[in-house]
Amino acid sequence: MQRPKNWLPGLLMVLPSIILVGIFVYYLIAQNIWTSLNVATRRVVVGGKFEERSIHEGGYRNYTELLGSADYQHALWNLLVLTVVFVVGTMIMGLLWSILLEKGVRGEGVFRSIYLFPMAVSFIAAGVVWRWLLSPAKGEGAAIGLNQLFVKLGLDGLQSSWWSADSRWNMAAMALPAIWQLSGYIMALFLAGFRGIGEDQREAARIDGASEWQVYRHVLFPQLSPIALSALIIVGHMSMKMFDLIYAIAGPNSYTASVPATLMWTQLFAQRDPVAAAVNATIILVIVAVVVVPYLWYTNRTERERG
Amino acid sequence: MRTSTTRSAALLAVAALGLSACATGGDSGGSGDAGAGDASSSETNSAEAYEPKEGGAGGEVGVFTWWADGSEKKGLDALTAEFEKQYPNDSFVNLAVAGGAGSNAKAKLASDLENDNPPGSFQGHAGAELTDYIAADQIEPVNDVMAALGGSDVFPQDLLDRLTVEGDIYSIPSNIHRANVVWANPKVLKEAGINEPPADMEAWLADMEKVKESGVKTPLHIGGTWTQVQLFETVLLSDLGPESYNGLFDGSTKWDSEGVKTAVSHYKELLGYANTASDGDDWPPSIDAVYKGDAAYNVMGDWAVAQFTENDATEGEDYTYFPVPGTDGVFDFLADSFTLPKGADNPDGSKDWLMTVGSAEGQLAFNKAKGSIPARTDVAADEFPEYQQSAMEDFQSDTIVSSIAHGAAVPLAWLTDVSSAVAKFYSAQDEEAMVSDLTSAAEKHGQ
């Protein structure tokens, strides 16, 4: 307290962002949660007369109501399938590409750019193209996009209805464009990780008689685990909030491809039900927090241990 | 601040205008005001007829639509030209938001209205969809404009009833479309040995089988979810008949009745003859498929004519049309209409716009370009191309029912649930689940 000039300038520097974040993030989160607990009625016109109708009872029942609805469970299941396939797919593709590049291919720079390019395309633009590629029409003449390619190659058996399929696993197809788009990014993360490990460590392992697999398994991969964890969190939380790609591919208000984020759009704009949308938003926030908060806590702790 | 001063200025202007109008006898830019006095029907709250100022109230009128390209844009341009002719003092500001069937536009509009930043006037599907805005207190009654236009003397009473809530009329209809039309390829039908339009659903399904046997893999072409909803609604209409169909929306017909169940199984059989579609597919590819002979039939609203015309197709030779089998003599209608939002910056300018929209000249210019038919009954038919003439005739003589898919019969929230049920059915094909989904939607949103 005697020497305010030590902390005062620092505080003044960060104060604007504290205030802005306070209002635009935390206050709005609080407001959203408050909205989600509201009792809601709606004035409707029935048979040419106005009528006041209750649509939400308020309190925790708003949550049980939404979580209990079949449409929402369908959306949550879709999200789970999408997230698992998307995360596993990008991690595998990203790791594979980075190992290939790390082995010292000729023209590495060219390949690196090619793999990274999809990330420069916006989800909406990519979605428009993928919507066509993943068209469900099948058979000679009717098929377009990937199915047409399969027909032309004589691989008719590979044709699929993609995300329009009548299957609990249809959202796995929706993960394809997302994997295509983000694998390059994961590759770049891993590649940076590999480059950060000195050549001397590999040499040492090889001199000790380690096979190439053992070098990766026991020397390189363990040192990549923080990067893998970050990559996992980044891709995972992107998947949970995914809206634009699905909107572009399946159109607004698609039931088949609905996930909580697209359902929120439907609730707010088509059903004009801000309370249900707020409940949904809070649930999405909780789902993301369940993944991200332990990660933040973990990084904080490891950094403190190191520091 | 700015708004309130302009508003009071506008009020003053209205008062002054009223006086001067009385003195001069008034001049309502092109709208016949012969019937203005007795225009309000028995059920409509009476209101003084709106008297537009000579040349318009002045200022800007922002008009919000989703007519951003194709024949819709041409229609809007023609209407705008008419507006500028009738009210040269007003300047038109185009606030169109692109996107099929208004899906993007409605979201933008919803947030503008929520934030008290309404446009001068916005497009809305006449009927139940508009009741969302009415119930939310976002639009004002326009009884005075309707009275000035001539009310039920120039608009069909059937239509006005659908725009009226507790005696107030909330919008001015601009155009009518018909949803229960089958577009067919005569060459494909001839090949399959079909010479007559089928009389009912069973006959239609039998024809589909014939078409399939003649080598066309997908006799029926469908698009994304809303086109499926439209197809389903016409099957409902065919199997239930107009009276029971109307009863679906006031509770007198149950959604789990036998008629609905029959319609659902007919609909399932129809899907068996259809192409594979995904939720977001647009409608023009279906029309193209019929034109090219990849499919024999498509059920689409009569905006399809514009798509055929774009392909240089000739009626009778390249395409033909008939009401969905079993719905002959019934007109499954949807209409666009324009509103006066509460708190609009320039309400008199907005009313001038509505006067143009409702005028005979405005409706002629607009509908000729857009391919729809006028909502007014006094526009000469011989100015229109052949299809529109036949639709105008049918609209006068047929029983009129409201479209589900286009917001005339049910409000948006209800429509959303119907759409989910139809989309779910498309992949799962579970008739019982469909009936129970439709029933619970009706319980949630209906009477």
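Positions of Cβ are set from backbone N, Cα and C atoms, glycine also.
Where the annotation comes from TrEMBL, it is an automatic prediction and has not been curated.
Sequence annotations record features per position, and here TrEMBL assigns domain 'ABC transmembrane type-1' to A:76-296.
Within the chain carrying the transmembrane segment (A:7-29), a Cβ under 8 angstroms from the stretch's Cβ atoms is held by residues 285, all 6 or more beyond its ends. Residues annotated as transmembrane segment in TrEMBL: A:7-29 (among others).
Residues or ranges marked as transmembrane segment by TrEMBL: A:75-101 (among others).
Among residues of the same chain six or more beyond the transmembrane segment (A:113-133), those with a C-beta under 8 A of the stretch's C-beta atoms are 97, 144-146, 176-177, 180-185, 187-188, 242, 244-250. The transmembrane segment annotation in TrEMBL covers A:113-133 (among others).
A Cβ distance under 8 Å defines the sequence-distant neighbours of the transmembrane segment (A:178-198), meaning residues of its chain 6+ beyond its ends; these are 82, 85-86, 89-91, 93-95, 97-99, 101-102, 112, 115-119, 121, 123, 126, 219-220, 223-224, 227-228, 230-231, 235, 238-239, 242, 245. Residues or ranges marked as transmembrane segment in TrEMBL: A:178-198 (among others).
Using a Cβ-Cβ cut-off under 8 Å and counting only residues 6 or more beyond its ends in the same chain, the transmembrane segment (A:219-239) has close neighbours at 79, 82-83, 86-87, 90-91, 94, 178, 182, 186, 189-190, 192-194, 196-197, 201-202, 205, 210, 288, 291-292, 295, 298, 302. Feature annotation from TrEMBL assigns transmembrane segment to A:219-239 (among others).
Among residues of the same chain six or more beyond the transmembrane segment (A:277-298), those with a C-beta under 8 A of the stretch's C-beta atoms are 29, 32-33, 35-36, 38, 62-63, 66-67, 72, 229, 233, 236-237, 240-241, 260-261, 263-264, 267-268. Positions annotated as transmembrane segment by TrEMBL: A:277-298 (among others).
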